[in-house]
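Written out below as structure tokens is the structure these notes cover.
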Amino acid sequence: MNDYLIKAINASKDLRLLTINGKDLVAEAQKRHDTWSASSAVLGRSLLGTLLLAGAELKGDQELTLRLLGDGPVGAAVVTAKSDLTVKGYVQNNHVALPAREDGHIDVKKAVGKGWLQVTKDLGLKQPYTGEVPIVSGEIAEDLTYYLAKSEQIPSAVGLSVFVNPNDTIGAAGGFLLQALPGASEELLQETEDRIKALPQLSSAFLDGMTPEDLAKKILGDDCKILEKDEVSYHCDCSKEKYAGMLETLKGSQLKEMIDEDHGAELVCNFCGNKYNFTEAELQAILDKKLGK
């Protein structure tokens, strides 16, 4: 498997780490949405970050949605990941490319802007739970770190990186989520923080062939233990049946307008771009069902 996430623990079992290589899934998203460089970086980092949160927190049939509601040119980013580590997402504006920063990297901070980061968890309870924090950086990894500290009170460090080639294809995509467990000493936390600061630029390292296992050893040390290795992928579960169900929630007058004026309907999935066409007869059947005919 090319795209996968690993869960690891350090030798003293007081640091938990998830690392991910997600080049292919980010490339799939880029192709589906035809995103340009800045949009790809925002979407790619959001996909990776949401998968890391899902890997750390979800089980069973649970799912988690990240909403990055910035006022930058890319607009909002919406990403949903499930406990099986499938993910889907989109940004409001696909065709955004910005002048590079002085160091040559994509200006993700400018692309995102100011606003709010929301994380909604559907844990199978009566109501989903949403945590919200202001966007403090716009680089996304720092914003997720802030969210985990403020909303969930978990000392964490997040790193995310997406390398976009000059032709807008994806060259590399990966990242990590480190969490301190109860009992972790200040000395250990400082030592680990120093290791993270000494890491090579993530996208360059992934381009050079670094694996999630390599990254885990760089952060936790060679004596860390790999607990799990799971495939991650881009997958949208949309279907014509689901969209028919959505049409059933419309007012009868709206359906009648689609039949009489548009002579059908075409619905496009935000997450994957798939198009679903409904004929006049199909819309009439939905309307009849709604009216109890």
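For all residues, glycine too, the Cβ spot is worked out from N, Cα and C.
According to Swiss-Prot, the features are:
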type: DISULFID; residues: Cys236-Cys238; note: disulfide bond
type: DISULFID; residues: Cys269-Cys272; note: disulfide bond
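Within 10 Å of the C-beta atom of Cys238 (disulfide bond) sit 17 other C-beta atoms, taking all shown protein chains into account. Counting every protein chain shown, the Cβ of Cys269 (disulfide bond) has 18 other Cβ atoms within 10 Å. Cβ environment of Cys236 (disulfide bond): Lys88, Cys269, Phe271, Cys272, Asn274 lie under 8 Å away, each six or more residues apart in the same chain.
A coil conformation is recorded for Cys272 (disulfide bond) in the three-state DSSP classification, outside any helix or strand.
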